[in-house]
């Protein structure tokens, strides 16, 4: 019975948090651009509006894939709250992205297809880093289970500083923020119209938007994992981390996929690998 | 109820330049700059008819682009509204009697709000778009009754 209530609370609270964070994001972005900015509840207005629009789909499978994207994200967040297997959460997150890509590929629109291809390339870029992060956490704590990871007697960041840097780097790709917003963009419509979400409209687009909020909460929970020992440190770290994302979003221009792939595999994966070797020697060999 | 109220708080626009001299287009783009900051009303220029609620048209319609304008309008999901910006889009302007033009935007799509002027000021454009956003709520109500309202309101 208790599990059902926790699940229900997670499913309700997570999008509220995600939506408010998105709203604050938009407000801060506006202030940085010397604008007044939309109200903080604006993402909710957008979502409600999308749900009250007419449903137009090019092919019916689009609805299924948009729905799967949302469901997989919800499942990943709920699994994190229940402190289950980290590796499995990562795979489910990958399934969610795959559903979105398949949804975009289900139509013949060139914009939607190019967006899907770019999304595939960004999955190719960030997935090795995420896997490296989880393997490194395994080396330090000896378990993939979040329950056991939380029992580790010091902050994970002390052992995994470079992994955290690499993860913050990947976070920009995952949140589709400016230097890496090449699959879908909130700002540049000249290039790809709307990239991966071009062919989704009305309530179906609303489902994807909702899925993004769950995804955002899950990614911030990953940040929390590095500072799990102390709740105040963790919240401060999450806020600083997200603020830096907003700053980077505002000061950088969009890169091409080639540069993104090169940079992520050399810099971010390099950082992760160095840290991986370090913790392997420290915990497995000594 | 809540869902219907949200309609007027986030009007996403798509802008189509029919046959304009670019005077109105420059004013529309000026409206979207940080100086006027329309995002505070939730207005976003999405550039994709499938995401848009309001179609902003500038310039008079001719035989070549009438089909394009109609297609963009048809791709937008209901409830939707059309705003005609400038004298040409409202009535055809100085091109009204020309052999190569059909007239204003209302000869092809049902226009809800007319913003006159050559070119209209950004404040006037903003007010026009917000008026169209108010109409969306009414249109949603009529949608529920089973009829989709396409009545031009002048």
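A Cβ is built for glycine as well, from the same backbone N, Cα and C atoms used for every other residue.
Curation does not apply to TrEMBL; its annotations are automatic.
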Given ranges A:32-51, A:152-171, the stretch to which TrEMBL attaches the annotation transmembrane segment: A:152-171
Selected stretch (most C-beta pairs under 8 A with the transmembrane segment (A:120-140)) from A:6-24, A:152-171, A:204-225, A:231-251, A:263-281: A:263-281
Dominant neighbour of the transmembrane segment (A:88-108) in A:152-171, A:204-225, A:263-281, by Cβ pairs under 8 Å: A:204-225
Close approaches to the transmembrane segment (A:152-171) from elsewhere in its chain (Cβ under 8 angstroms; 6 or more beyond its ends): 125-126, 129-130, 132-133, 136-137, 140-141, 219, 222-223, 225-230, 233, 237, 241, 244-245, 264, 267-269, 271-272, 274-276, 278-279, 282
